[in-house]
Structure formats: structure tokens, C-alpha cells
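K.L.:
Sharing a structure here in C-alpha cells format.
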Amino acid sequence: MENGTYFYLMLFENIGYIRYAFFGLGFILYCAIVFFNALIILAIFLERTLHQPMYILISCLSVNSVFGTAAFFPRLLTDLLSDTHSVSRAACILQAFVIYSYATNENTILMLMAFDRYVAISKPLQYNNIMTPRILSVLIAISWIYPMLCVGIAGILNARLTMCGNKLWKVYCHNWEIVKLSCANTIVNNVFGFFIVTTTVIIPLSFILYSYVKILIICRKSSLDFRRKAYQTCIPHIVILLNFSVALFCEVTLSRVATLDLPIGLSIILSLEFLIVPPILNPLVYGFNFPEIRKKILWIIKACKQL
């Protein structure tokens, strides 16, 4: 088969009337994700006292959640109501680019959050000199640009492949599934994919683990009040990190390990966890655990009711 211009998302075939239930659930989830993350972004943007590195990085997570889910949910909802489930090759590669940019951005932002907490706890007197607005801006720019550049190059490499099939057994466009359909040599794609995983997943997670181990060591040697304040700011970050790491592990394992024999429904749920759970859990965790954010969110809600 020559280079195909369309891919077909086969998991939408023959799902019957249950598609309407999935559509309703997906629509509610997407609205909730946009609503809760928009509240976090607005609260931090409107409250000047929240214009600090930790809160700005939290808002970056919310922006990234809206960015990633915008590439997934509208297409998913459209496919659930449609009788044809074809997607052009260009649109498919674009969707894969946005979704995997979201995943890699999430890791690098979480790494910056770990670094911010490490500096705040280990070097409190030098914190304001280290985490200046200029340095924070540069770090945030790198945390977004580098992953997106890597994923973009991977997309270009995929676009150059000759396809020997056009059926994707996913509910969204998946880089590795596209590569598996190729009848050309994919060694360059595989090597570059490993490079991306190393620099945007393994290295950030290793740095995050190192940072929190150092924080734990510092806290054990400090006063009870110091430990309480440190745990209060670090535990929400750790919860978000563990949640996203487990979700990403499920997605990578299911896409790469062909020997896993799981029910199709369970496979779909596990593969979509990184696109659904973190975007809705992140704003809830930070909204409930940080009084400053919670107060501003309540103020926004009250102000909207008075309109």
C-alpha cells in the first residue's frame, strides 16, 4: 500500500447505542476539566499574592491540561457521534503531536516544581535570588519548547514513513501505532523515540526523585513546625507526580508490550488514564490543599453569582 492519506480508528466500530452514554460521560468530563483548570488559572492570574514560582508552575500545569485535552476530547466526542471514523494523516500526526507534547510537558513542569520546592526548603534565604522572575520564565520556556521540539521532530519522522496499513486500534492517534503500520525501516524513529523518553521522562523523573529524597532528609533534621510546612506544600506535588507517573506507565506499557492480554475495555481505560485523570485531579488537589488558591476560587464563584 502506498502512503495513505487517511487512518481509521477501529475501536469506534460497532459500539452501538452505548456510544451516546460514552458521549455524555466524555462531554461532562471535558467540561469539568476546562472549568476546574480555568478556575485555577484565573485565581492565580487575578491574585497578585499568588504571583510566586510555586503557584505560577501550578497554573502551567492547568494550561498544559487544557492544551492536551483540547486535542483529545473534541475529536473523541465527534467520533462517538459519527458513522465514519477516518482521520487524515496530517490531522492524525497533529493530534499525536499535541497529546505527546502535553505528556512530555507535564513531566518537565513537575521537574521544575520539584526543583522549586527543593530550593525553597534547602536554601530558604537564597530562594528569592535563585528563583527570580527572569530565571523562572527561562525555565518555563525551556520546559515547554524542548519537549514540543522533540515531539515535533518525531512527528516529522513519522510523516516521512511509507504506510502498509491504515487501521489504528486506538481511540486517538498514537505515535507508536503509526510507526507499526509502516513498511519502511523505522530504526531512526525507534532510536529517536528512546531519546525522547530518556530526556523528557527518565531524566526528569530521576531528578524529581532525587529532589524529594533530599527534601525528606532535610525535613528529618529540622523542627516539627518546619516539617509540617514542608510536607504541606510537597505532599500535593507528590500526589500529582505519582498519579501521572502511574498513568504514563500504563500508557507506555500497553502500547509497547504486545504480550499483555487484557480485556479491550480495560486496555482503553488504562491507555486513556494519562489524558483524563491528571487534568481533572490536578486542579482539585491544588484547589483544596492550598488555602490561598481556595479563597480566590471561592471569591471568583461568588463574583460570578452576583453578575
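Glycine too: its Cβ is placed from the backbone N, Cα and C atoms.
All TrEMBL annotations are machine predictions without curation.
The following feature annotations were taken from TrEMBL:
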TRANSMEM  20-46  transmembrane segment
DOMAIN    36-286  domain 'G-protein coupled receptors family 1 profile'
TRANSMEM  53-73  transmembrane segment
TRANSMEM  93-115  transmembrane segment
TRANSMEM  135-157  transmembrane segment
TRANSMEM  191-213  transmembrane segment
TRANSMEM  234-258  transmembrane segment
TRANSMEM  264-288  transmembrane segment
K.L.:
Does the chain bring the transmembrane segment (264-288) near the transmembrane segment (20-46), so that three or more CB pairs sit under 8 Å (pairs 6 or more apart in sequence)?
P.N.:
yes
K.L.:
Tell me if the transmembrane segment (191-213) touches the transmembrane segment (93-115). I count contact as 3 or more CB pairs below 8 A, with pairs 6 or more residues apart.
P.N.:
yes
K.L.:
Same chain only, please: residues at least 6 beyond the ends of the transmembrane segment (191-213) with a C-beta under 8 Å from a C-beta of the stretch. Say none if there are none.
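P.N.:
Apart from its flanks, the transmembrane segment (191-213) reaches 104, 107-108, 110-111, 114-115, 117-118, 146-147, 150-151, 153-154, 157, 175-176, 179, 234, 238, 241, 245, 248, 252.
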K.L.:
Give the nonlocal contacts of the transmembrane segment (20-46) in its own chain as ranges (CB under 8 Å, at least six residues past its ends).
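P.N.:
Same-chain contacts beyond the ends: 55-56, 58-59, 62-63, 65-66, 69, 73-74, 76-77, 80-81, 276, 279-280, 282-284, 286-287, 293, 296-297, 300-301.
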K.L.:
Please indicate, using numbers and ranges, the residues of the same chain that are 6 or more beyond the transmembrane segment (234-258) and have a C-beta under 8 Å from a C-beta there.
P.N.:
61, 103, 106-107, 110, 113-114, 117, 121, 174, 176-177, 197, 201, 205, 208, 212, 215, 267, 270-271, 273-274, 277-278, 281-282, 285-286, 289-290
